[in-house]
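**Q** To start, I am sharing the structure in question, which I have written as structure tokens.
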Amino acid sequence: MSLSLGRTCWAAFIYVLLVSHICNGFYLPGSYMHTYSTGQEIFAKVNSLTSIETELPFSYYSLPYCQPHGGVKKSAENLGELLMGDQIDNSPYRFRMNINESVYLCTTKPLSENEVKLLKQRTRDLYQVNMILDNLPAMRFATQNGVKIQWTGFPVGYTPQSLEDDYIINHLKFKVFVHEYEGTGVEIIGTGEEGMGVISEADMKKASGYEIVGFEVLPCSVKYDPETMAKLHIYDNVTSVNCPLEVDKSQIISQQERVSFTYEVEFVKSDIKWPSRWDAYLKMEGARVHWFSILNSLMVIFFLAGIVFVIFLRTVRRDLTKYEDLDKEAQAQMNEELSGWKLVVGDVFREPKFSKLLCVMIGDGVQITGMAIVTIVFAAFGFMSPASRGMLLTGMIILYLFLGTGAGYAGVRLWCTVKGTSEGWRSVSWSVACFFPGIAFVILTALNFILWGSKSTGAIPIYLYFILLSLWFCISVPLTLLGGYLGTRAEPIKYPVRTNQIPREIPASKYPSWLLVLGAGTLPFGTLFIELFFILSSIWLGRFYYVFGFLLVVLLLLVTVCAEVSVVLTYMHLCIEDWQWWWKSFYASGSVALYVFLYSINYLVFDLQSLSGPVSAILYLGYSLLIAIAIMLSTGTIGFLTSFYFVHYLFSSVKID
């Protein structure tokens with residue numbers, strides 16, 4: 001059966017290679033390609049207002065902006081978008097392919113006191129308007145200290161340094177870059193908001209037209225005469241404006257003011273092809289520093305881990321070789337003079353304290369580790385593009401749900417091994433299914449009450465709670481119970497030595513063992529702290545993160561170092577006759593989570609100085625705590641499982657009566 005399965009897998013692999021070879025081109029990141037004919041109308045969409053100061057997203061139409069004919073309609077959103085607080089709506093901003101124009105949108109009613117207060121607050125909190133055209137976010141360029149900086153979105157308003165007044169952005173100059181497409185026979189697979197799709201040869205011939213490959217915006221504030229502008233109709237032509245304007249010609253935010261909104265569109269032909277249109281967004285800042293830091297970190301960690309591993313192998317092999325070279329009489333005499341790890345042979349597999357909790361945490365750790373590895377591998381191969389908003393988070397949730405089988409299997413099999421019986425496996429399976437999701441549910445619910453109180457779009461709607469609970473209890477729990485049942489059917493791991501009835505006394509050590517355990521977490525932390533900086537920047541500063549190739553390398557390195565550190569620490573504890581290695585091996589590598597959380601606090605204080613207000617800080621710390629717990633379960637599981645198989649191998653390699 002295994003032979004036929006292997007042949008089937010190889011046949012499928014060869015088929016994929018042949019199919020990919022036939023294709024003239026292959027592209028994953030991005031949405032399904034659209035081509036437009038000259039004069040064809042395209043309407044932009046608007047996402048939630050966001051700010052790096054508050055991290056509380058709000059609906060675009062919570063401010064007095066022009067609304068589209070037919071009312072506001074929400075775009076279809078996936079699970080990840082909803083959890084991230086995205087709320088994509090239609091807008092009145094109309095573009096006609098290859099037609100440059102300057103048009104009028106609307107004039108508001110006199111601003112009320114509440115509207116003025118809200119506009120001023122959003123302006124002072126540096127809120128950005130996020131506009132989308134053909135699935136491309138609007139890009140803005142600004143100059144700070146002589147350096148050109150790239151941003152996505154444009155501000156709600158601005159406050160001049162020398163003045164206390166606030167001014168609203170009511171005129172936008174769009175520059176749309178287009179590329180003429182004539183159907184070149186390139187097969188393109190899209191993973192965008194429209195879903196997966198392949199453009200065939202027949203479709204390509206019909207798809208001739210213009211592709212949108214760039215979307216830039218230059219925002220400015222213009223003071224219009226409201227009486228004159230109110231006579232105009234939507235999309236009437238207006239005079240072009242040269243931005244930026246002087247303060248006295250800008251639109252102030254004050255009570256009873258009527259704000260007129262206008263915009264200009266310029267189409268520019270570009271040599272950029274559609275598959276490369278996201279390149280401008282995915283450029284990481286400080287690329288050289290990123291490369292140098294990551295490679296330097298990898299070399300240092302590999303060097304240190306290599307030295308530790310070589311010393312460790314030589315020490316263990318020397319002990320085993322020295323023992324096995326003796327004859328039986330010498331071995332008997334040596335058994336009476338044993339020291340170090342050989343003395344704890346009758347206690348090394350003694351059941352640890354809180355064994356059920358350990359089994360539950362190992363099961364959840366297997367589930368989280370599997371989810372992380374599969375997600376990052378798929379992302380590294382381009383299956384989770386930033387053009388597919390929310391796809392990464394949606395994929396992680398789906399993977400986590402279906403990996404419940406592995407979690408239940410690992411937790412219950414360890415339980416059967418520790419207890420020697422499968423009795424109580426249902427309780428263990430239920431605990432595995434509810435432990436980490438329960439912690440996440442409590443933290444997210446507490447944070448959600450804060451978001452509800454702030455009326456933010458980042459708050460999870462009630463119906464989404466029921467969806468998540470349904471997924472949890474209808475998919476994850478049954479699969480975890482199935483995995484637990486399979487764990488009872490698997491043969492328990494047999495210990496190579498017997499356990500004494502009376503536990504051996506552990507000698508007093510000069511230094512507390514927990515100090516060594518906490519210190520062990522510094523080495524795994526050294527592998528990921530640089531990448532952690534870029535990930536935190538992408539999450540909290542609104543930057544795109546797409547160097548999943550780096551992240552995959554760092555993940556593999558982290559797994560290796562966690563395993564080595566835990567094994568070395570376990571061996572050190574056994575050498576000082578400390579047979580209580582179970583929890584210590586878990587926290588030796590799991591303690592990296594403590595450093596991750598402390599680094600998150602450091603990032604909040606020193607790098608995220610723009611974040612203001614206790615609400616934003618509580619949200620940041622809440623999400624950081626959840627991430628740290630997940631990292632602890634994952635890295636702790638890696639360390640424990642490696643140490644368990646090491647101890648099993650060590651004591652099965654030599655016979656001691």
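The backbone N, Cα and C atoms fix where each Cβ goes, glycine too.
TrEMBL: automatically predicted annotations, no manual curation.
I grabbed these lines from TrEMBL:
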TRANSMEM  291-313  transmembrane segment
TRANSMEM  357-384  transmembrane segment
TRANSMEM  390-416  transmembrane segment
TRANSMEM  428-450  transmembrane segment
TRANSMEM  462-486  transmembrane segment
TRANSMEM  514-540  transmembrane segment
TRANSMEM  546-574  transmembrane segment
TRANSMEM  586-606  transmembrane segment
TRANSMEM  618-651  transmembrane segment
**Q** State the non-local partners of the transmembrane segment (357-384) in its own chain: residues 6+ outside its ends, Cβ under 8 Å from one of its Cβ atoms.
**A** 28-29, 191, 391-392, 395-396, 399-400, 403-404, 406-412, 414-415, 418, 428, 431-432, 435-436, 480, 548-549, 551-552, 555, 582-583, 586, 630, 633-634, 636-638, 640-641
**Q** Same-chain Cβ contacts of the transmembrane segment (428-450) under 8 Å, 6 or more residues past its ends?
**A** 356, 359-361, 363-364, 367-368, 404, 407-408, 411-412, 415, 459-460, 472, 476-477, 480-481, 483-485, 615, 618-619, 622-623, 625-626, 629-630, 633
**Q** Mind checking which residues of the chain, 6+ beyond the ends of the transmembrane segment (618-651), have their Cβ under 8 Å from one of its Cβ atoms?
**A** 55-56, 316, 341, 345, 348-349, 358, 361-362, 364-366, 368-369, 372, 436, 439-440, 443-444, 446-447, 450-451, 493, 495-497, 524, 540, 558-559, 562-563, 565-567, 570-571, 574, 581-582, 585-594, 596-597, 600-601, 604, 608, 611
**Q** Any residues 6+ beyond the ends of the transmembrane segment (462-486) with a Cβ under 8 Å from its own?
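**A** Sequence-remote neighbours of the transmembrane segment (462-486) are 79, 82-83, 363, 397, 400-402, 404-412, 425-426, 428-430, 432-434, 437.
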